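Presented below is the structure to which this report refers.
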Amino acid sequence: MTVLEEKIPPATARPAPRPAARLLPLLAGAAALALLAAAPYLVTVSAILSLEQVAAFAVFAVAANLLIGQAGLVSFGQGVFFGLGAYTVTLGWEHAGLSFWEGFALAPVLGAAAAALIGLVALRARTLYFALITLAFSQLFYQLVEQNTGFTGGANGVFAPVVPAWMESPVEGYLTLLGIAVAALLALWWLYRSDFGLLLRASRENRARVQALGTNVYRLHLLAFTVSGAFCSLAGAMFVVYNQGSNAELFDWTTSGQAVLMSVIGGMYTFAGPVVGAFVYQFGHDWLVRYVSDWQLVLGGVLLLVVILRPDGLAGALRRPGRLRLSGRLELPSRLRGRK
Amino acid sequence: MNTFVTETVSILTNAAMLFVVAAGLTLVFGALRLINMAHGSLFMVGALTVASLASGLTGGWGFAVALIAAVGLCAALGAGIEISILRRLHDREPLAQLLATFALVLVAADLAQRVWGTSDRTVATPVAGRFSVGGAVVPEYDLIVIGIAAAVALGLWLLLARTATGWRVRAAVEDPETLSVGGTNLALLRTSVFALGAGLAGLAGAAIAPLESVGPGLDTQIIVAAFIVTVVGGLGSVVGAALGAVVIATVEGLGTLWVPSYASSAGYLVMILVLAVRPWGLFGTPDR
């Protein structure tokens with residue numbers, strides 16, 4: 001019996017959700033959104049700035065998790081696209097005279113193009129080799145950006161008044177980022193739920209079988225890598241609003257590692273997991289650094305516990321009591337059985 | 001001629017150090033099928049151990065004692081990590097093990113800062129002598145580093161190719177069940193191999209301490225270099241690690257001479273090129 005067969009529940013195992021159950025995630029989502037929109041009027045300025053970061057990191061983590069959790073491709077190189085997005089905005093402003101929004105629109109396009117080219121090479125490698133080759137790309141970009149001081153500003157990065165003045169106030173900046181994040185996450189949610197997302201999950205569970213059924217898995221993964229690159233790049237452009245600039249560390253593999261961390265801690269088999277992860281990561285950091293200097297120690301410890309005890313992360317743990325669809329594991333649904 | 005000899009010795013020294021780090025990493029992969037991201041952290045612990053002992057233990061013999069202490073400490077840490085954490089994850093997908101060792105990188109970085117502080121340290125060269133070859137002056141210590149790498153290479157070859165233990169290490173991946181039925185204590189075997197790999201990381205760190213400044217950040221710096229070397233050579237292959245070390249050290253050495261500002265990128269480019277052509281590395285086996 002193959003893995004795929006084991007994972008598909010019998011057609012009768014899951015009754016059609018009642019209308020109320022369908023409404024619940026919508027209501028929960030709307031309530032969360034209302035709370036997030038009201039947040040800047042309720043919390044301190046430093047918390048608003050943290051929320052700005054969370055908005056960018058949530059998009060970054062969900063986009064990275066499209067590869068990690070959905071396709072089973074562990075990339076330690078998504079920082080490349082995050083950095084590329086940030087630098088598109090800042091360098092576009094500095095060298096090409098692009099406005100913030102022009103650079104912002106260009107970022108996902110360049111991210112997709114770069115991801116398509118990198119994916120072409122990186123996806124030839126499998127599993128651990130893939131993780132390491134993406135890591136190598138991350139470091140390559142980091143070195144190139146740091147060395148080309150004349151063009152990129154080197155280790156100092158580019159810090160310039162690129163963000164429109166009205167967005168520099170935390171409340172406006174945050175609300176704009178929140179709007180963009182919601183739009184990006186809705187687009188990603190639609191992707192997760194589409195046949196494309198379904199195929200990605202199938203390729204994670206049993207690559208050979210998906211290939212045998214007539215899908216070119218290499219091309220499928222290349223498409224996923226490209227889409228992920230575009231959204232990671234968008235997240236990088238969002239990050240500029242918080243950061244007021246771009247620095248070489250954004251390309252470093254530890255930035256890529258952050259996306260992996262958020263996905264895993266939040267729950268990589270769920271859509272909302274990485275968003276939860278981004279919140280926990282950021283506010284856990286903000287809260288802990290007040291009391292202890294060893295933030296990484298705690299982070300590593302938490303990651304270790306999650307990996308050993310709860311491989312499905314916090315969202316997986318949340319899911320146990322109820323059946324919140326938004327945080328439910330995106331299993332191969334039974335409708336697959338009726339198709340193809 | 002002068003510069004040729006100087007450059008060759010410096011490239012070989014660099015290759016020797018890279019080989020010892022990469023050998024440990026590749027050995028662990030060969031027997032446990034896991035990539036230890038914390039390998040660089042163990043390297044750093046080795047270097048820092050020597051740095052903190054160096055003030056008390058001076059001279060050639062003092063350094064040798066510090067070196068042995070560093071290797072012992074790292075091997076013990078490795079055994080502890082394998083028993084307490086990695087053993088629980090052995091049957092899980094490779095991602096779980098990768099993430100667990102990534103978590104250890106974070107933990108180790110902060111713990112090392114607690115123990116050794118944040119400032120960089122330097123270690124006096126234990127053997128200050130120099131001699132000249134073809135008009136070039138070569139530090140004796142460089143030859144000692146190369147000698148250590150040669151000894152490690154020989155030792156690993158003897159262990160893996162000429163002993164029953166080496167045969168079991170290779171079989172541990174191919175057919176663990178038969179091996180287990182045959183009376184081999186697999187758990188002990190895995191722990192020993194991991195401890196040996198960790199000890200090699202410590203050895204490399206200890207040996208490099210007199211040549212570089214030792215401090216935080218050494219861990220992530222070396223682990224990326226070790227990844228490049230092992231991946232170019234092929235994961236699991238000690239011969240590949242040796243070849244990879246020489247290739248990367250040569251590329252970086254020549255890069256420093258010819259295009260100084262891009263030398264650090266050269267290694268990554270080589271890795272990407274090799275993997276584009278042979279996605280499993282030069283001496284690796286294709287993924288299943």
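Just so it is clear, glycine is given a Cβ too, placed from its N, Cα and C backbone atoms.
Annotated features, as they stand in TrEMBL:
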| type | residues | note |
| --- | --- | --- |
| TRANSMEM | B:12-32 | transmembrane segment |
| TRANSMEM | B:39-57 | transmembrane segment |
| TRANSMEM | B:63-86 | transmembrane segment |
| TRANSMEM | B:98-116 | transmembrane segment |
| TRANSMEM | B:141-160 | transmembrane segment |
| TRANSMEM | B:193-211 | transmembrane segment |
| TRANSMEM | B:223-249 | transmembrane segment |
| TRANSMEM | B:261-281 | transmembrane segment |
Non-local residues, at least 6 beyond the ends, that sit with Cβ under 8 Å of the transmembrane segment (B:261-281): 225, 228, 230-235, 237, 240, 244, 247-248, 251-252, 255, 287
The transmembrane segment (B:223-249) and the transmembrane segment (B:39-57) contact flag, 3+ Cβ pairs under 8 angstroms: yes
Contact ranking winner - B:12-32, B:39-57, B:63-86, B:141-160, B:193-211 against the transmembrane segment (B:98-116), Cβ under 8 Å: B:39-57
Same-chain residue ranges lying at least 6 outside the transmembrane segment (B:141-160) that approach it to Cβ under 8 Å: 9-10, 12-13, 15-17, 19-20, 23, 27, 125-128, 166, 169-170, 200, 203, 207-208, 210-211, 238, 242
Stretch in B:12-32, B:63-86, B:193-211 most in contact with the transmembrane segment (B:39-57), if contact is a CB pair under 8 A: B:193-211
Intrachain neighbours beyond the transmembrane segment (B:63-86), with Cβ under 8 angstroms and 6 or more residues off its ends: 32, 34, 38, 42, 45-47, 49-50, 53-54, 57, 97, 100-101, 104, 126-127, 190-192, 194-199, 201-203, 205-207, 210
Non-local residues, at least 6 beyond the ends, that sit with Cβ under 8 Å of the transmembrane segment (B:12-32): 39-40, 43, 86, 90, 142, 145-146, 148-150, 152-153, 156, 169-170, 172-173, 189-190, 193-194, 196-201, 203-204, 207-208, 211, 222, 225-227, 229-230, 233, 235-238, 240-242, 244-246, 248-250, 252-253
